[in-house]
């Protein structure tokens, strides 16, 4: 892992060299961009990597506010923050997770899952706080009608656009991390599924100008995922601690219901009642019946798939639990061997002395002297 003291050197730009030094390589690239800010010739190009592009001034009653829309230059900004995320990933891994896992003495399988949950706990916790702050300051919680009113939401505030760029950067960085972290082949399909699922939903909300609805749905989803991975960390620390899993199971079903309700309310009813329903990609308007059906189908299919996996996992867990209980009941108790009766011819022994049947010691026969 990056930033560690290494005792073994690898050939330059070899596979092992890149794996063990990928965070250092990313840090060097980020440093080059930051150095570019110091010179007037390269400052404009450096700002292209660091700051969101496509800003416009929107006049208001008091003054002007700066808003943003998306474009191809966003890919450059996302690339820069992919390297930032790789560096932060390595810092969390080395200075937090590795120190904790050494004390727990986990197996290889549990160690891999512990690292995965540890990284996602940090990410989900940060994203929940950030997303909640954006939603509250922009007034999306107090005014639910703003999720579909004035669509298309082409002009985004700075914090909304920056949030989406960082989200895309994080989930894109998770793809090469599968290679850098040497994830087991059995785990790669499962992780690819939820990485691609997040990328499709976040990019879809960003490109289809459904950013307000996307923020609310991400807030709900990330809150549930944070609870799940926190429960898994506590389980790895103490296998008897499963109380948080019960809380997560209750929250999971409620979250699926809320996500489906909000999606149907905003897309199926809110956007359907808007007057402007013409397909106009140049103006960012995708409010047509076909687009609404596709978005609703995607959201409903994703929630149904997550719910099916949840039910399947719960049934398997209960089946294993009842099998263990039935196995314990089938184990026969070890029979006690009957006490072995000792046949005594006359009297019995007590403390090494022969006793008569009436409890008295037999008198020793005196020998007559000749």
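The backbone N, Cα and C atoms fix where each Cβ goes, and this holds for glycine too.
Positions annotated as domain 'TLC' by Swiss-Prot, on the basis of sequence analysis: 112-321.
Within the same chain, the residues at least 6 positions away from residue 55 (N-linked glycosylation site) whose Cβ sits under 8 Å from its Cβ are 66, 67, 68, listed in sequence order. The N-linked glycosylation site annotation in Swiss-Prot covers 55.
Per Swiss-Prot, the feature region 'Disordered' maps to 348-370.
Here Swiss-Prot flags 1-22 (among others) as topological domain 'Cytoplasmic'.
The topological domain 'Extracellular' annotation in Swiss-Prot covers 44-75 (among others) and is backed by a curator's inference. For the topological domain 'Extracellular' (44-75), the model gives a mean pLDDT of 89.
Residues or ranges marked as topological domain 'Cytoplasmic' by Swiss-Prot: 97-119 (among others).
Among residues of the same chain six or more beyond the topological domain 'Extracellular' (141-159), those with a C-beta under 8 A of the stretch's C-beta atoms are 52, 56, 58, 65-70, 134-135, 209-213, 216, 262, 265-267, 270-271, 274, 276, 283-287. Sequence annotations record features per position, and here Swiss-Prot assigns topological domain 'Extracellular' to 141-159 (among others) based on a curator's inference.
Across the topological domain 'Cytoplasmic' (181-191), the DSSP tally of helix, strand and coil residues reads 4 helix, 0 strand, 7 coil. Feature annotation from Swiss-Prot assigns topological domain 'Cytoplasmic' to 181-191 (among others); the stated evidence is a curator's inference.
Feature annotation from Swiss-Prot assigns topological domain 'Extracellular' to 210-214 (among others); the stated evidence is a curator's inference. Same-chain residues lying 6 or more positions outside the topological domain 'Extracellular' (210-214) and placing a CB less than 8 Å from one of its CB atoms are 138, 140, 146-148, 153, 156, 160, 164, 201-202, 204, 262-263, 266-267, 295.
Look at Swiss-Prot and you will find 236-250 (among others) tagged as topological domain 'Cytoplasmic'.
The annotation topological domain 'Extracellular' is assigned in Swiss-Prot to 272-287 (among others) on the grounds of a curator's inference. Mapped onto DSSP classes, the topological domain 'Extracellular' (272-287) shows 5 helix, 2 strand, 9 coil.
Positions annotated as topological domain 'Cytoplasmic' by Swiss-Prot: 309-370 (among others).
The transmembrane segment feature in Swiss-Prot is assigned to 23-43 (among others).
According to Swiss-Prot, the transmembrane segment annotation covers 76-96 (among others). A Cβ distance under 8 Å defines the sequence-distant neighbours of the transmembrane segment (76-96), meaning residues of its chain 6+ beyond its ends; these are 1-4, 22-23, 26-27, 29-30, 33, 48-53, 115, 118-119, 122, 165-166, 168-170, 172-173, 176-177, 180.
Annotation source Swiss-Prot lists transmembrane segment at 120-140 (among others). When Cβ-Cβ distances below 8 Å are used as the criterion, the transmembrane segment (120-140) is approached by residues 92, 96, 146-147, 157, 159-160, 163, 167, 170, 212, 215-216, 218-219, 222-223, 225-226, 229-230, 233 of the same chain, each at least six residues removed from its ends.
Note on the transmembrane segment (160-180): residues 19, 22, 52, 68, 70, 74, 77-79, 81-82, 84-86, 89, 123, 127, 130-131, 134, 138, 188, 191-192, 195, 198-199, 202-203, 205-206, 211, 214-215, 218 of its chain, located 6 or more positions outside it, place their CB under 8 angstroms from a CB of the stretch. Swiss-Prot lists 160-180 (among others) with the feature transmembrane segment, giving sequence analysis as the kind of evidence.
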Task: Interface-richest range of 23-43, 215-235, 251-271, 288-308 toward the transmembrane segment (192-209), CB pairs under 8 Å - done: 288-308
Task: Other parts of the chain folded back onto the topological domain 'Extracellular' (44-75), taken as Cβ under 8 Å at six or more residues beyond its ends - done: 33-34, 36-37, 154-158, 161-162, 165, 206-207, 284
Open item on the list: Please report the three-state DSSP label of residue 55 (N-linked glycosylation site).
Closed with: strand
